[in-house]
Amino acid sequence: MGVGSLSMIVPMYNAEIAPPEVRGALVGLQQLSITLGIMISFWIDYGTNYIGGTGRSQHNASWLLPLCLQLVPALLLGVGMLFMPFSPRWLVHHDREPEARSVLARLRNLPQDHELIELEYAEIKAQSLFEKKTLQEDFPHLQDMSAGSIAKLQFVAIASLFKSKAMFKRVIVAVMTMFFQQWTGINAVLYYAPTIFQDLGLSSNTISLLATGVVGIAMFIATIPAVMWVDSWGRKPTLIVGAIGMASCHFIIAGIMASFQDNWPAHTAGGWGAVVMVWLFVIHFGYSWGPCAWIVVAEIWPLSNRPYGIALGASSNWMNNFIVGQVTPDMLTHMTYGTYIFFGLLTTGGALFIWLVFPETKGLSLEEMDLLFGSVGVAEREKERWREVHAEVGLSDILARSGLDAGSAHGSGHDVADEKPYRAELEEPKGSAPISATKETGPLEKA
């Protein structure tokens, strides 16, 4: 329950506090932390395996100690979160606007009256106000804020994920991205690495555990470039290249196993070649589907649907994780090298899915995702509502003062990627945190 809830809450929190230019890196840091924990845990297991020896004399501490050590990061997280700020978007949505503005300024390391803070704050407030007005018009009988009405509105928000084509596309992207992430076979490798390495000819338990430790190191190191450069690479090409790389490794491993599995002692070089392919597989996963899948699931939702959408993606991750964990031992026993062909084909399917279905999201604010997925500007009433919201929060005035045209972007239905950046046009003070690190950020409101 704890891991499941945190797997939804952590990427959502990271996405909501991050500026769009570095949001991918900040959400990717979650995956980097996960791979760091996996790496450390593999080597702890390797070390504790020797407590009391490796035979009948082995002490219970060899498995009790690694279990108990998991309490430490949980306690650090619980205490550390007490010192973290609320999400500005959550604060705005819950009518705590002065606090939201203050937190946003601290997160961006800029004064509250800076133009960039005014602009981003107005964007957040406009998105929140638009969604509230939509609920008020569509469900006026649920606006009394009673416990029953609030509960019903939660189900309304969940149901809204499936009621429009644009929102359902987000559901498909989130659920299928997590489906393909798990069916790359990554957790088959992480859960059953010692068994897999023994199947590849590493007969000693010590050697197989050692090879498993290298898996952790390889994946941790490979995740670092994704955190540093995913916001410039883009999500789509990173996912496609990673999937092609993983699928290739699967097919090569299958070929080696089909050729030599009946006589590994006579083909030790082939066995180590397959082991290297497993290491290369986790490298491809580390820079691509590991961090990018969570980035995608965290950033594509509108404010009111974000908790439910991320929860849907995370639940897809864990359900498929469970299925992979259950079927892998039988697959390794009965399908042998066919296991890797199976995972390779599904990983190839993941590359095709990203290429055909997924739109590039790098550099866009969370509010601009509505434009990208086509869920804004569908009806004339929505256009009017956006104009009302822009006027009410003063966003049009802010853009006008900056010499930019506010226009009616939310009603135009055009492609965000074709728009001219505006955040970079606002001067940033020297020594401040970079708000416009790239030229990819499109204007939320520019016609």
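Residue numbering: from 1, along the chain as shown.
Using the three backbone atoms N, Cα and C, a Cβ is placed for every residue, glycine included.
Because TrEMBL annotations are produced automatically, they should be read as predictions rather than curated entries.
Copied over from TrEMBL:
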type	residues	note
DOMAIN	1-362	domain 'Major facilitator superfamily (MFS) profile'
TRANSMEM	22-44	transmembrane segment
TRANSMEM	64-86	transmembrane segment
TRANSMEM	171-194	transmembrane segment
TRANSMEM	206-227	transmembrane segment
TRANSMEM	239-260	transmembrane segment
TRANSMEM	272-296	transmembrane segment
TRANSMEM	340-358	transmembrane segment
REGION	406-447	region 'Disordered'
COMPBIAS	412-430	compositional bias 'Basic and acidic residues'
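Here the listed stretches are 22-44, 206-227, 239-260, 272-296, 340-358, and the one with the most C-beta pairs under 8 angstroms to the transmembrane segment (64-86) is 22-44. Same-chain residues lying 6 or more positions outside the transmembrane segment (206-227) and placing a CB less than 8 Å from one of its CB atoms are 25, 28-29, 31-32, 35-36, 38-43, 45-46, 49, 54, 189-190, 193-195, 197-198, 238, 275, 278-280, 282-288, 290-292. The highest tally of CB pairs under 8 A with the transmembrane segment (22-44), across 171-194, 239-260, 272-296, is held by 272-296.
If one looks beyond the transmembrane segment (171-194) by at least 6 residues along the same chain, the residues whose Cβ comes under 8 Å of a Cβ in the stretch are 38, 161-162, 205, 208-209, 211-212, 215, 239, 243, 246, 250, 278, 281-282, 285, 289-290, 293, 296-297, 300, 309-310, 312-314, 316-317, 320-321, 323-325, 328-329, 331-332, 339-340, 343, 346-347, 349-350, 353-354, 357-358. The average per-residue pLDDT of the prediction over the domain 'Major facilitator superfamily (MFS) profile' (1-362) is 88, rounded to a whole number.
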